[in-house]
């Protein structure tokens, strides 16, 4: 036998994956179903399973076997598996268990404090904790690799092979293109009354709209379901169970519509991972940036396309005829694409979205290189909003306390959103090479060609291919902001007749 | 130190409880949220955690510690804990792990086959599996105690201290009282048109009705939530997370109303267990019969009480005025209490409900003493329905394939329903001693005295008291069918003017 992974190792790996899946289900439950009073105990249960997961992943016999396997003649799947678990082993075992425990308690309490701070609009409440989180993340990085800057290590966790130097350059290109474009749009004479989007659109009808849109883009309801939550998310528990949770605001149907498309995009990625990879460790998205590229592709490239809405505008009219009966297609299409600088990331149009992320990236990068103090974070946030978007939060609730990522210890995560948008535009160009009738496909009732292409080139592989390998296989070469800039310029210059 | 349970044992016990809670959450998810295609993997994940739970409960070091502790001077909580886990250890370790595994696979596949058999109305499909299940349960009983009949051991699992001899005598008394009463009701001239109950009552309004009823009886929504499922159930994950899941039939609002009260009763029990018992192993219901007594108390004794509906009949009128606008209180009250022999247990009135259970009990008792062959089960079922209820199922779907209990390996479970009803009537008498104005309380808007009484005498203790100890503390003595018979006779002789 050609040194295949031994049965007990395979079983050990499957057990690890079952714990990850169970934790993912528990986290879904905590965010969608669990009652208020259960929060503390729910976290305790998750803590017990997480500890077992930690022990399984750092088991010395398992590590020894992984080391042994590295020297063997393995097939591609096995090689990737060994590499994947070996990386996890090294990352976990580099940090003392006591530190992990301290960190997980700190994360939970800081995130809870953030909720409070946000409610009370009081950054001071959470300042010290945030400082400690950053301090601990730096210490972890020091344990793992004293020769690589902490922030680079954090970035790597979400997007391998993309350094802050690359991100700096990509984001500078984007700023150079988007900022002047925004100025021109401000001066454009094109404008419509879009207030109809904020009229009461019943939650029940928003749910119906969402189901229609998800069906249209190819989400499989037999392998997923929709939940309700405060902070929308997708749970790719495994490919046969890819759920999404959204939130509703009766006076903001646009938020729901694009959220369904966004989370639907994530979920289609999750659903289209080959089921052969189940319980191998590789049956998950390859990177956060790639994952985000798929949700943004469906939300922004397909979901904001004129042809797509030619097919779906009737849903608005049918569900809320009193509001949409008299709205022309052009006005609706404009409203869905309107560019307006605003303070809230989740509701942002394509252009300002990129700036929302750049602001967060620049701030966290500076925090980790000690160019910015935590105590100065709120004012630095406001200054950047003023500089890039021309508006300034009146309260920290709409400013530095807006997103929970940092307060849950997720630094290096934000850039994935923009990297995803950049990838999405590159993938769009690649798709057009294979399907020169790309626009007609989107304008037709049948979008399955799009999802099929994604499955064939990206989704099915799970972690079998890195983002770099996927780009290479599509002759894309490397991450490049130009396709995104070209796409946005052409689209918005058209919309605003610039 | 007075031989308190040592820290690591306490931690071991907490870990066991966390696994049980996680499994309970996963089971809730499987029944309310999990998509169709996830069934198999969902079971695999549960299997992995169940195996770990088995290992934790049969851990030799833990067992040794339990044995050691039995000889120490412990407080009451500790004594009960040690006894509880020691019983589990003995029960689990008596059966080879391989047999457990085989049994759990057999249970899952038989339950799945049952669904199919039910759909296809084909008992033959599941006959062999059912036979094997019975065979394995007998073998398990043999392993555990060759001197106690298998069916007695099964009964004990759900209701300690109640043998089949006692059940035979209790159920005989019930038959002797109910069968003649049913005959008299059949000849009564009291009758009303009750078809309005089957008119379309929107699911949304049934949900509203349910929420009102749950609020009225004191269910705490901050420590629970409502889900939708095929087979209604309650999940007492812990006292701060006591959920219930129901099903809706647009043309059967009575089903939903009583299901809400039934599962609400279970959930109030779960919510009122002292939170001091969390993670001790004793923070759960003391027996299935006692649990059922609490759901039946709210469903049937409170939920079918005239005074209760004097306060709540307006909900029907408000939610579906077109149907209920003209229905008099007397007609509605009659309709909610109408006695009609039917084939379906879940929809049965108080009197025939008892017979539905007696039929199942007599059949399973005879299966285990080899007085009845599995192949004769369908016809035996039909014969008993003819004999006790005067109606005969036309298909096995409405007959022997109606409930899933047996096909999931749950024998000895059915009697708990009637034992629960018997307890409920005994507890009612006890409650009346403390609150002679019992009927007025139910007729008032404030039912909290009822739940408080239950908490004080039953709920708070979890497994700290056995059913026997609870009855004794209430000077009830022992289980006795007479209070139930008296209650039912009085109520239905009144309703039907006999």
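Here the Cβ of each residue, glycine as well, is placed from N, Cα and C on the backbone.
Listed features, source TrEMBL:
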ACT_SITE  B:263  active site, proton donor/acceptor
BINDING   B:262, B:266, B:292  Zn(2+) binding site
For the recorded Zn(2+) site, enumerate neighbouring residues of the same chain (Cβ within 8 Å of the Cβ centroid of B:262, B:266, B:292, site residues themselves excluded), in sequence order.
B:234, B:263, B:265, B:291, B:294, B:295, B:296, B:298, B:299, B:420
Listed in sequence order, residues with CB under 8 A of residue B:262 (Zn(2+) binding site) and six or more positions away:
B:232, B:295, B:296, B:298, B:299, B:303
Return the residues near the residue listed as 'active site, proton donor/acceptor', defined as same-chain residues 6+ apart in sequence whose C-beta is under 8 angstroms from its C-beta, sorted by sequence, else 'none'.
B:232, B:233, B:234, B:244, B:245, B:246, B:295
Around residue B:266 (Zn(2+) binding site), how many other C-beta atoms are within 10 angstroms of its C-beta?
24
Using a Cβ cut-off under 8 Å and a sequence separation of 6 or more, which residues in the same chain sit near residue B:292 (Zn(2+) binding site)?
B:416, B:417, B:419, B:420, B:421, B:423
